[in-house]
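Engineer: For reference, the structure I am asking about is given below.
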């Protein structure tokens, strides 16, 4: 009898582990889809609503603001209602935003729907991080890499799927378009809710009392601010590619939507493979030095692609291999730098990074408009538009180079103190 009870209990634990893995891996898969289907959709939205690049920048900045708002309350919400229901709320809000986006009749409605989607995205990212920290108590590094692989996997296929779906013919004539594509893709967020409701999530572990890293201490720590700058510049550069690459290739080089989406998928292919295989490199040569090298590589690849022109477009994709390891490597850097109060340090860094993302997305759109306005009269509208788009992408590359420069400063400071991670 006791053996049967033990076997049943062991089977229950295994089933629960499978359910939790489905939630985490499925969550990262959905997260990758929701983040990266916008590339092919943005030019269609721009055409439908008659938006200029400044309005697009504002739309993307509102998305970053929604993410920032979610960062500010998700940890507290998880402590109040539990990580299970926080995850369910995140998935549910994303599905609802898809319905609202399908019904959007104007720029304001569209912006509000996008804002809600990024509230869900922010809740999901923080929630998945908390889930993973509690679930992956053994082989944490390996399991986190596998989890991020699912994000990268969906990021690779998301632009291609989105571009294909928008061309689907629907009964009654016409095509599915970006509205139907968002409705269907975000409806997939309902699927991870099922194992979430069945699974039992581990509670937060209690630690012995001791001196913890505080927000006040972080505010006074120049190293903490350098880490914020490194992550902010790197993430702005990373996320901007998903938002602007397809638009750039279509309008600057006259590529078709499918070809431009294919290049974005190639970017995410390099991005995903880098996260899967470059982890041991960062452990071997050090976190700060790794980010310094990878960020510089990404920025230089993007600048070279612009300088060479259409023939060098593949360098836009190769740049993904450099930008990919920055986020997880900086997270590892924070964990080693602030072993007591890692959650506080991550919240501090990610929140400020969110503010930088808002400013960065706004700036890219306005840089494009400003440069286009300068050259529009003298060189013609097409030439001015191309120069504006090039300036915007040069700004994206500059963010990666600034990330590398900040790493140089951080490395020198840590080397002097003998605290290189």
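Every residue gets a Cβ built from N, Cα and C, even glycine.
These figures come from a predicted structure and were not determined experimentally.
Dumping what TrEMBL says about this protein:
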type: TRANSMEM; residues: 12-34; note: transmembrane segment
type: DOMAIN; residues: 20-415; note: domain 'Major facilitator superfamily (MFS) profile'
type: TRANSMEM; residues: 54-76; note: transmembrane segment
type: TRANSMEM; residues: 88-109; note: transmembrane segment
type: TRANSMEM; residues: 115-137; note: transmembrane segment
type: TRANSMEM; residues: 149-168; note: transmembrane segment
type: TRANSMEM; residues: 180-201; note: transmembrane segment
type: TRANSMEM; residues: 222-246; note: transmembrane segment
type: TRANSMEM; residues: 252-278; note: transmembrane segment
type: TRANSMEM; residues: 285-308; note: transmembrane segment
type: TRANSMEM; residues: 314-334; note: transmembrane segment
type: TRANSMEM; residues: 346-371; note: transmembrane segment
type: TRANSMEM; residues: 391-412; note: transmembrane segment
Engineer: Is the transmembrane segment (54-76) close to the transmembrane segment (180-201), in the sense of at least 3 CB pairs under 8 angstroms with a sequence gap of 6 or more?
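Structural biologist: These two stretches do not touch.
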Engineer: For the transmembrane segment (88-109), what are the same-chain contacts with Cβ under 8 Å, counting residues 6+ beyond its ends?
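Structural biologist: Here the qualifying positions are 27, 30, 34, 49, 51, 55, 59, 77, 81, 116-117, 119-121, 123-124, 127, 179-180, 182-187, 189-190, 192-193, 196-197.
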Engineer: Any chance the transmembrane segment (314-334) and the transmembrane segment (222-246) are in contact, meaning at least three CB pairs closer than 8 A with a sequence separation of 6+?
Structural biologist: yes
Engineer: Count the CB pairs under 8 A between the transmembrane segment (115-137) and each of 54-76, 149-168, 252-278, 346-371, then give me the winner.
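Structural biologist: Looking only at 54-76, 149-168, 252-278, 346-371, the most contacts with the transmembrane segment (115-137) come from 54-76.
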Engineer: Establish whether the number of Cβ pairs under 8 Å between the transmembrane segment (54-76) and the transmembrane segment (252-278) reaches at least three, counting only pairs separated by 6 or more residues.
Structural biologist: no
Engineer: Do any residues of this chain, six or more beyond the ends of the transmembrane segment (252-278), have a C-beta under 8 angstroms from a C-beta of it, and if so which?
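Structural biologist: Same-chain contacts beyond the flanks: 36, 39-40, 43, 145, 148-149, 152-153, 155-160, 162-164, 166, 241-242, 245-246, 290, 294, 310, 313-314, 316-325, 328, 385-386, 389-390.
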Engineer: Residue list, the transmembrane segment (391-412) vs rest of chain: Cβ under 8 Å, 6 or more residues beyond ends.
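Structural biologist: Distant Cβ neighbours of the transmembrane segment (391-412) are 53, 223, 226-227, 229-230, 233-234, 236-237, 240-241, 244, 248, 288-289, 291-293, 295-296, 298-300, 302-303, 306, 319, 322-323, 326, 360, 363-365, 367-368, 370-371, 420.
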